[in-house]
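TrEMBL has this to say about the protein:
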TRANSMEM  12-32  transmembrane segment
TRANSMEM  52-74  transmembrane segment
TRANSMEM  94-110  transmembrane segment
TRANSMEM  122-143  transmembrane segment
TRANSMEM  212-233  transmembrane segment
TRANSMEM  253-274  transmembrane segment
TRANSMEM  315-337  transmembrane segment
TRANSMEM  373-397  transmembrane segment
TRANSMEM  409-428  transmembrane segment
TRANSMEM  440-461  transmembrane segment
TRANSMEM  482-499  transmembrane segment
TRANSMEM  505-524  transmembrane segment
Amino acid sequence: MDFLNPNYKVRNLLVLNAAGFSCISLVVFLLATQPFYLSDVIGVPPEKVGSAIGTLGAVDELVAVIVAPLLGTLNDRINGWAWNHSRFPSGSRILELVSFSVLALSLLGYGQFATKLFPDLWFWRAIFAVGVSGCMSIVTVMLHEVNNSDFRWSHMAFWRTQFKNHGERLLDGNGESDADNGENNELPTVEDDVFRIEEGPTQQTNKKHGSLAALLGVSTGLGAVFSVLFFLTLPVRLSSWYPDLSSKESLQLSYSLLGYFSAVCGVVVVVFAYDCVKQRRLSGHTPDLELPDTTYFELLKQGLDASRNNLRIQLAYVAAFVSRSTAVATAVFIPLMVYKFYYNSGLCGAEDLQNSLKLRSGLPLKTSCYDGYIFLAILTGVAQTVALVSSPIWGILVDSKKLGSRATLAVASAFGMLGTFGLCLVGRGDVYDPRTATCFVLVSFLGLSQIGTIIASMSIVSSVGQTVERTEHRVIGSISGLYSLCGGVGILVITIIGGRWSDHWVFGPFLLLGTFNAALAAVATRRG
């Protein structure tokens with residue numbers, strides 16, 4: 001059959017997941033270390049850290065809301081240029097390279113140049129937002145490419161594929177063919193037929209959507225766990241390796257090292273990522289069929305029109321709003337909860353802090369908050385591990401005929417409500433001690449909710465425009481950008497309101513997030 005994205009290789013799938021892994025690991029590191037960076041490096045008083053986090057989050061998401069749809073549409077426009085210039089890479093390859101380079105620049109700015117909250121951190125956080133928005137918007141485009149390609153899970157056993165191809169060539173040399181044996185690979189199969197059909201109430205869907213989205217969920221979950229286990233503890237290990245480093249210097253060096261890591265990731269992705277324009281050209285597709293010579297803003301309008309006329313895409317946008325809000329709760333407000341407990345209870349080196357006022361220009365000694373670092377790594381690590389392990393299950397639920405993406409979103413939002421409202425109930429005291437089994441369980445519920453909504457919503461977006469004849473795939477970048485925009489709005493709301501609320505009640509953001517999950521459950525279970 002005529003696949004939308006032919007000649008998709010295993011290495012293309014691997015680099016797609018590597019891009020998600022790397023980007024999320026950097027995001028988790030920056031967000032989780034924010035309270036410590038603000039206090040140790042910038043010198044923000046503990047009672048003002050919550051407001052500072054909210055302000056930086058607002059800057060981040062204001063930028064993301066603006067640039068996400070523009071970058072998505074730029075992907076579509078670059079693909080149009082690539083049709084006219086055979087050596088020009090596709091939009092996804094170029095924008096991934098640019099996005100990781102921007103992330104590298106931002107992390108180096110944090111590590112080497114930032115000295116004040118304003119304007120330094122405002123500027124570098126805005127640059128970071130551009131990089132993350134570009135990277136994750138294009139990861140969604142790359143997921144659409146593999147979901148609507150000739151890739152099969154059997155391709156992962158590449159040695160078997162090579163052996164099979166060698167055997168087929170021997171048969172062809174003896175005058176035989178697959179057609180002679182009744183095994184013509186060009187004959188349509190049940191799995192192939194689903195690529196021809198745009199999902200509707202009575203139509204089949206591509207059974208790969210949930211599983212490939214789940215694989216990406218596993219990769220991003222691994223990225224978060226890797227970040228918690230290695231990146232988040234990097235300042236501690238650097239101080240152990242180099243005793244002369246202060247807590248401030250070890251944090252700054254960690255940011256710089258991860259900036260170089262991001263630059264390397266960009267090079268790897270641009271070299272090994274799938275090039276949809278090149279492969280379609282080699283397969284005989286024509287630019288007139290693929291992408292009309294429309295202007296940038298016409299492509300953006302087409303993306304808006306496609307979203308307006310598709311209720312499933314709109315549901316994915318609502319889920320993106322909730323999933324990104326949950327990501328903030330996991331990566332920002334849980335660390336803030338831990339940070340406030342350790343400082344308010346005197347476990348964050350209160351005596352060391354008094355001594356440091358005399359010895360080191362007011363900076364805490366490097367042993368002052370390391371217990372907080374380690375416990376935070378354990379707590380968030382458990383949540384991310386639970387999410388990681390559950391990813392294949394969410395993929396199965398999405399691909400299930402009895403459930404599907406809508407019911408899966410309802411289940412995920414139910415876990416979100418259990419986690420958020422549960423934290424609000426157990427945290428009603430003045431100082432909540434998170435070092436309990438109940439806290440670990442409730443935070444794990446948040447991890448389940450986050451990965452479930454991500455997998456289900458991304459599977460919906462990746463099912464858009466499954467064949468060459470459908471027009472939606474021409475503006476998949478715009479649709480992905482709008483998907484990221486909705487997620488950015490969710491983060492913007494919870495960081496502004498939740499950040500300020502957390503200065504008075506640290507569980508305020510979780511109550512707000514629980515309300516978001518309740519709204520998602522209502523939308524996912526409505527008829528129509």
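Going from the start of the chain as shown, residues are counted 1 onward.
The backbone N, Cα and C atoms fix where each Cβ goes, glycine too.
Contact between the transmembrane segment (253-274) and the transmembrane segment (94-110) is present: at least three CB pairs lie under 8 Å, with pairs separated by 6 or more positions in sequence. By the count of Cβ pairs under 8 Å, the stretch nearest in packing to the transmembrane segment (409-428) among 12-32, 373-397, 440-461 is 440-461. Taking every listed stretch (94-110, 212-233, 315-337) in turn, the largest tally of C-beta pairs under 8 A with the transmembrane segment (373-397) is reached by 212-233. With Cβ pairs under 8 Å as the measure, the transmembrane segment (482-499) is packed most heavily against 52-74, out of 52-74, 94-110, 315-337. Using a Cβ-Cβ cut-off under 8 Å and counting only residues 6 or more beyond its ends in the same chain, the transmembrane segment (12-32) has close neighbours at 96, 99-100, 103, 107, 110, 128, 132, 135-136, 138-139, 142-143, 145-146, 151, 215-216, 218-220, 222-224, 226-228, 231-232, 254, 258, 261-262, 265, 268-269, 272-274, 328, 331-332, 335, 376, 380, 384. When each of 52-74, 94-110, 122-143, 315-337, 440-461 is scored by its Cβ pairs under 8 Å to the transmembrane segment (212-233), the top-ranked stretch turns out to be 440-461. Outside the transmembrane segment (94-110) by six or more residues, the chain places 19, 22-23, 26, 30, 37, 71, 74-75, 78, 120-121, 123-125, 127-128, 130-135, 137-139, 142, 252, 255-256, 258-263, 265-267, 269-270, 273 with a CB less than 8 A from a CB of the stretch. Long-range neighbours of the transmembrane segment (122-143) within the same chain, counting only residues 6 or more positions beyond its ends whose Cβ lies under 8 Å from a Cβ of the stretch, are 16, 19-20, 23, 26-27, 30, 55-56, 59-61, 63-64, 67-68, 71-72, 75, 91-92, 95-96, 98-107, 109-110, 113-114, 212-213, 216, 262, 273-274, 458, 461-462, 476-477, 480-481, 483-484, 488.
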